[in-house]
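*Asks:* Could you have a look at this structure, given as structure tokens, before my questions?
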Amino acid sequence: MPRWNVCSYCGREFEPGTGKMFVRNDGRVLFFCSSKCEKYYFMGRNPRKLKWTKAFQEARLQRAKRRK
């Protein structure tokens with residue numbers, strides 16, 4: 001059974017054979033599920049500030065727990 005990839009920007013799982021794989025000069029491998037994620041990553045956008053990313057949703061839950 002093939003292993004699903006996880007987007008390095010938004011955290012979404014996607015099928016093998018789709019998306020893009022980017023290898024940095026230091027050897028770190030980044031997977032992107034869409035061109036939107038790839039462009040946002042290279043523009044330097046913070047995924048914790050975008051509502052549609054998993055990082056935002058996790059940070060939101062942590063903020064809610066601290067308030068209680």
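Here the Cβ of each residue, glycine as well, is placed from N, Cα and C on the backbone.
From Swiss-Prot, for reference:
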BINDING   Cys7, Cys10, Cys33, Cys37  Zn(2+) binding site
ZN_FING   7-37  zinc finger
*Asks:* DSSP-wise, what's the residue breakdown of the zinc finger (7-37) into helix, strand and coil?
*Replies:* 3 helix, 10 strand, 18 coil
*Asks:* As a test of the contact definition, list every same-chain residue at least 6 positions from Cys37 (Zn(2+) binding site) whose Cβ is closer than 8 Å to its Cβ.
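*Replies:* For Cys37 (Zn(2+) binding site), the qualifying residues are Cys7, Ser8, Tyr9, Cys10.
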*Asks:* Which residues in the same chain, at least 6 apart in sequence, have a Cβ under 8 Å from the Cβ of Cys33 (Zn(2+) binding site)?
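*Replies:* For Cys33 (Zn(2+) binding site), the qualifying residues are Asn5, Cys7, Tyr9, Cys10, Arg12, Phe14, Thr18, Gly19.
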*Asks:* For the recorded Zn(2+) site, whose residues are Cys7, Cys10, Cys33, Cys37, find every other residue on that chain with a C-beta no more than 8 angstroms from the centre of their C-beta atoms, and list them by sequence position.
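*Replies:* In sequence order, the nearby non-listed residues are Ser8, Tyr9, Gly11, Arg12, Phe14, Gly19, Phe31, Phe32, Ser34, Lys36, Thr53.
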